[in-house]
Amino acid sequence: MASEFKKKLFWRAVVAEFLATTLFVFISIGSALGFKYPVGNNQTAVQDNVKVSLAFGLSIATLAQSVGHISGAHLNPAVTLGLLLSCQISIFRALMYIIAQCVGAIVATAILSGITSSLTGNSLGRNDLADGVNSGQGLGIEIIGTLQLVLCVLATTDRRRRDLGGSAPLAIGLSVALGHLLAIDYTGCGINPARSFGSAVITHNFSNHWIFWVGPFIGGALAVLIYDFILAPRSSDLTDRVKVWTSGQVEEYDLDADDINSRVEMKPK
């Protein structure tokens, strides 16, 4: 913890998470609110869902490409938790990232609140259960949506892989879009506790809000269990894990890596 706390690069990474999450939430939720303005009679629910899904996915892909080399571009507490459980970041870094992400989401939603104040019934993209969807069903949707996202993050940023020739940010962005295509009609699609938290704070409405923390965190943890222990198990002992969690020395953790300098993942410096 102390080694990271004293590094300028660490705090630069925290600021990057704050700024990138602010931009992500502003762009994505702004696009979701935009369809409420009357622009024509040719809109359908399907068109709206695709538009919003693409906005969320493309904004993640763009920002991941922009700040991935600085902070790793988590922009999502569930992703941060997944990488923590995968022993790729320290506990202190995870905590500071989640705080930065939540504050960024609140700032973005507050700005949107001022810009869209003329909208009637403006919920600022707050996540909630759709009519006919109970809490168990909503929780399940959030778990599955986040599981596939964190699984994609772990797989596309795995330093041991030598077969990746595409873009990790694009793949992750498409995974976010896929999650939204699945979950929008059920929960409004959270799969990102910070994004859900910002809207809940500004609207002062925390109805069913627990689902959008518990679901993504369970999904993220399950993704780590599936990838790190079933699909692509790592050879590591408790000493290695504790070392990463306390000192954040990621480069010394992966004992399976043949060439530590040829990793493909987006890692902070």
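Every residue gets a Cβ built from N, Cα and C, even glycine.
Of G34 and T239, Swiss-Prot records each on a different side of the membrane.
Range annotated as intramembrane segment by Swiss-Prot, chosen from 187-199, 239-251: 187-199.
In sequence order, F56, N127, G145, G179, H180, L182, A183 are the residues near C189 (site 'Hg(2+)-sensitive residue'), counting only same-chain partners six or more apart with C-beta under 8 A. Counting residues 6+ beyond its ends, the topological domain 'Extracellular' (182-186) has Cβ neighbours under 8 Å at 49, 52-53, 129-130, 133, 137-138, 141-142, 144-145 in the same chain.
Summarised as a single figure, the pLDDT of the topological domain 'Extracellular' (182-186) averages 94. Under DSSP, C189 (site 'Hg(2+)-sensitive residue') is assigned to coil, being neither helix nor strand in the three-state scheme.
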